[in-house]
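Sequence annotations record features per position, and here TrEMBL assigns transmembrane segment to B:6-24, B:54-73, B:94-114, B:126-146, B:166-186, B:206-237, B:249-269, B:289-311.
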Amino acid sequence: MWVLLGIAVIVIGFMLRFNPLLVIIASAAVTGIAAGLDVHAIISAFGKAFNDARYVSIVWIVLPVIGMLEAFGLQARARGLISGLKGATTGRLLAGYLLMRQATAAVGLTSVAGHPQTVRPLVAPMAEAAAEKQAGTLHDKQREEVKAFSAATDNIGLFFGEDIFLAIGSILLMKGLLEQYGIILEPFELSVWAIPTAIAAFVIHGFRLWLLDRRLNAQAASVTAKDKAA
Amino acid sequence: MITLTWVYVIAGVAFAAFAMFNLIDKANPRRFGNAAFWGLMAVSMWAGDLLGDFGNGLLVLALVAIAGFGGLGKTKADEVPEATKNQRAAKYGNGLFAIALVIPATALAGTFLFKQFPAYFDVKQVTLISLALGVLLALAVGHAWLRAAPALPLSQGRRLMDSVGWAAILPQMLASLGAVFALAGVGDVVGGVIQQAIPAGSLVGAVIAFGVGMALFTMIMGNAFAAFPVMVAAIGMPLLIKQYHGDPAIICAIGMLAGFCGTLMTPMAANFNLVPAALLELKDENAVVKMQIATAVPLLIVNIALIYFLAFR
């Protein structure tokens, strides 16, 4: 039971807003000691896992390209493109991106889009420009909301598309685990059951994007009404 | 053969450059902290396999010591004025998108193409290898067409990297914590606790416990992969599959997706939830998590209903 103390450290540390890196190290130390490991073993286990997980941090190599393009006005161009398009709304734009992200992830292309690659340089500025066009002016809170929606849409598209692909990590994990229990399944038999949830994810998130559009349009309408009244 | 090692070499160059630009930057009051932090990341990329497990552990402790005690700062240098940006944007127009799309297009093409040559490429890693290739291609095109100075991508990349700061290594850190949890047997203990909480003889109760348990445990671990084996061992196998004769494919596939709903609702899934907040320079670091809850909760309910109605026909 004592090993659960590590989880308590995580929860409390995050709640009290300590630096997450310190919280993680503290949790690892508490968990390891509770399990009867010595300090050398804990540090080694952590170091080995850190080294094995380096591929997670590879994605940062895209930053020089993004930085270069932003210095040449990529975000301004992305905004300009959207404000020139008739009928482009934040909701429609993000719903289109959601569908594209789900579709590419479903064929295994999880790394072609993502927060550094596409959301920061393209999707977020485009969504912001569309929202500006709809609502007239945006206050800071709305700007944050539209940006957070852009990031959320990327995550939801990825999570509820990728499991349709046969050879994604989670499908292979399930297959491997079930084999240990003597149940032999083909990846296809598992991945096909990701489709109903993928559709539900698109419907639910799409509905929220439609509501976002309505809110932005309503704001524009009320601003125009006020102008007329004045 | 081209493997991830090559990509690590490139990543090491990028981190080393981020460190160098900080080292010579007098506008950043914490420049030595930043330089040491990214410098250590470069060492990890280049020489991680030579350091040994304990050596890597010490490297992690050094990273945490720098970042955890306020050693990282941000620079005011290298910011390009908006006017310059707009002027350049007007000059190069939509061609900028073409360069931005070089990376995903190369990743896409490379993934399919390189798989045909298993003798030359590590087929398991073709997408990441192609991603790195796409970065190099985009830089080459940018240099040739935009006439960007060679130092510009690195100095601008450094600025973006510093704005992400320590959050950049959070995903790797959480993955490592998961390994320590596994070593200590945390999963088995949690599974035991959950097993005791289920009302006996209720199929609905067991399905709900499985789905909600997947989401909750994923929120704690930040990763559905860590929660999955635990929940299958605690509820999925003994109750849903053996006792109630549910379809294992449906229970596992949709159970995993119930876990993904948990991923949307936790700061522990840093690379999806905290990193974008830093990248988009949001004031509230949890803004993305909060935004996702209203999609994740209904979707979790749908997943639980799908398991209940599809797996036990």
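Even glycines carry a Cβ here, placed using N, Cα and C.
The largest share of C-beta pairs under 8 angstroms with the transmembrane segment (B:54-73) comes from B:166-186, of the ranges B:94-114, B:126-146, B:166-186. Remote same-chain residues near the transmembrane segment (B:6-24) are listed as 31-32, 34-39, 41-43, 45-46, 48, 75, 78, 125, 128-129, 131-132, 135-136, 154-155, 157-158, 161-162 (criterion: CB distance under 8 Å, separation of at least six residues from the stretch ends). Counted as Cβ pairs under 8 Å, contacts with the transmembrane segment (B:206-237) are highest for B:289-311 among B:94-114, B:126-146, B:166-186, B:289-311. Listed by sequence, the residues of this chain that lie at least six past the ends of the transmembrane segment (B:94-114) yet keep a Cβ under 8 A from its Cβ atoms are 120-121, 123, 126-127, 129-131, 133-135, 137-138, 141-142, 145-146. Long-range contacts of the transmembrane segment (B:126-146) within its own chain (CB-CB distance under 8 A, at least 6 residues past either end) are made by residues 2-4, 6-7, 10-11, 88, 92, 95, 99-100, 102-111, 114-115, 153. Proximity of distant same-chain residues to the transmembrane segment (B:166-186), defined by a Cβ-Cβ separation under 8 Å and at least 6 residues beyond the stretch ends, is recorded for 37, 41, 60, 63-64, 67-68, 72, 221-223, 226, 268-271, 274-275, 278.
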